[in-house]
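J.: Sequence annotations record features per position, and here TrEMBL assigns domain 'FAD-binding FR-type' to 1-96. Feature annotation from TrEMBL assigns FAD binding site to Gly71, Thr72. If you look up TrEMBL, you'll see Cys216, Cys221, Cys224, Cys240 marked as [2Fe-2S] cluster binding site.
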Amino acid sequence: MRETELVIRANDRIADGIYRLELGGDVGPIGAGQFLNLSLGRADMPLRRPFGIARHTADSVTVCYQVVGKGTEYLATLSAGEKLRAVLPLGNGFDVGEAQSIALVGGGVGIFPLLSVAEGYDREFRSYLGYRNADKVCLTEDFKRRGAVRIATDDGSYGEQGSVLTMLKEDLAAGVRYDLVLACGPTAMLKAMQKMWEELPDAPKCYISTEERMGCGIGACLVCTCKVTRKGTTERLRACKDGPVFEIGEVEL
């Protein structure tokens, strides 16, 4: 983890209210599923903002974000050549181990960091991507380059209508088998997934990346603590430092 200055290479709108921000500089090694904190350089916005890393190279890092408040509204106005300070990489990220067949399950902005997994490993991937509606659909072609993709929207305006969990459950019932399932999305989706996993016979190993509110991003402020139970012992861990990735059954959402 270190703080560095990065230069905006591109900041493009890729869907309704969704942008892809590419930053150049000496970013150092980054693991799939890790995140960074960006300082917007404004006195009225002192807190750094966390963003999941969607793609990275030796000299660049790409994040995608949805405009939801003043911070991201301002971020969307920035242009190539402007500079931002970043702290990276943060969090534990996803470890696929020896798994060969992997399902990626993403909802909303939770889709973005899963792309770093798909592009970071030479494995067999199948992605389940959920969006609010057709206007929010993005990055699908990137995922298709890495394997099969099923898409759902809440209103059925693109792909299938319904939940990514319904599609995943259908495939598992049809005999599709995975060595590992990785998921990131809204808390409601992850809670539903926890319940689904409790009921699944022979459920595959599954890790989820939580979406907790974060203050500092380095484990100091304790804003993002969550209850985690391991081997019968429950403790409060920091999502930014000890997570944000946890085994599906160990974290209380």
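Keep in mind that glycine also has a Cβ here, set from the backbone N, Cα and C atoms.
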J.: Can you give me the residues near the recorded [2Fe-2S] cluster site, meaning same chain, not Cys216, Cys221, Cys224, Cys240 themselves, Cβ no more than 8 Å from the center of the site's Cβ atoms?
T.: Met214, Gly215, Gly217, Ile218, Gly219, Ala220, Leu222, Val223, Arg238, Ala239, Lys241
J.: C-alpha of Cys216 ([2Fe-2S] cluster binding site) to C-alpha of Thr72 (FAD binding site): distance in Å?
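T.: Computed Cα spacing between Cys216 ([2Fe-2S] cluster binding site) and Thr72 (FAD binding site) is 17 Å.
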J.: Sort Cys216 ([2Fe-2S] cluster binding site) into helix, strand or coil using the DSSP assignment.
T.: coil
J.: Could you give the number of helix, strand and coil residues in the domain 'FAD-binding FR-type' (1-96) as assigned by DSSP?
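T.: The composition, in the requested order, is 6 helix, 52 strand, 38 coil.
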J.: If you count other C-beta atoms within 10 angstroms, which of the binding-site residues Cys216, Cys221, Cys224, Cys240 is the most crowded?
T.: Cys240
J.: How many whole Å apart are the CA atoms of Cys240 ([2Fe-2S] cluster binding site) and Thr72 (FAD binding site)?
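T.: Their Cα atoms are separated by 20 Å.
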